[in-house]
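Database features (Swiss-Prot):
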- 1-44: region 'Disordered' (REGION)
- 10-21: compositional bias 'Low complexity' (COMPBIAS)
- 26-35: compositional bias 'Basic and acidic residues' (COMPBIAS)
- 34-91: domain 'bHLH' (DOMAIN)
- 110-143: domain 'Orange' (DOMAIN)
- 157-200: region 'Disordered' (REGION)
- 164-174: compositional bias 'Pro residues' (COMPBIAS)
- 181-200: compositional bias 'Pro residues' (COMPBIAS)
- 254-271: compositional bias 'Polar residues' (COMPBIAS)
- 254-280: region 'Disordered' (REGION)
- 275-278: motif 'WRPW motif' (MOTIF)
């Protein structure tokens, strides 16, 4: 009985058919499946590239800093990156100093460019809705701090702006040098009986009040009720950067400066040769 069953099974055409004929071919892998399968290989290549670049960077930075490579054979990756950042910053400062020594306008151009970039970032952050408020505040604060440091930068050999005294204005043609001082108030009282300063003819005004107020050399002379006179200096007289020389009058009616000079001590100045700041 078992022999008959074995013979029937062996003679069956289905049993004689190979199993590979009934199997379907493999489906092509999708893009996501291909990425998953190739991810370990890509990660291995990426790490190999990073290690190779860090090894070259280590050699370059040790040569640039003139350090013995045998003593720094076991530098960590973070140490290599920190040393590289410091070296690049020093190079940037050296290049900036060299550029400023050859062209002083480089600093102004750098400030203008940084200010323009800062304004563009501020404009973008004010219109972008997806930026976190804390991140926006920190970024703008960092840019403002950098802008303050850039504004404090000076040329090589130039003192700090806060410690630098303003240069004295150039003296007038043929006139003595005077130390700069704050301009006097617009209304300067003069004792009574004072004569108008030389160099200008009186110009009468049309109104009755203008008869009393006359203009001498660009300054309006206004008589006071107590018998004194006052010079009314126009605002345009202080528009220039030249120094203003005060004029004092004595009781004798002659105009004298802070240091009185007798007529015999030097040649008298004519109206054309006298320097007037409002004519610059």
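Note that Cβ sites are derived from N, Cα and C of the backbone, with glycine treated the same way.
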What are the DSSP helix, strand and coil residue counts for the compositional bias 'Basic and acidic residues' (26-35)? 5 helix, 0 strand, 5 coil
Could you put numbers on the helix, strand and coil content of the domain 'Orange' (110-143), residue by residue per DSSP? 29 helix, 0 strand, 5 coil
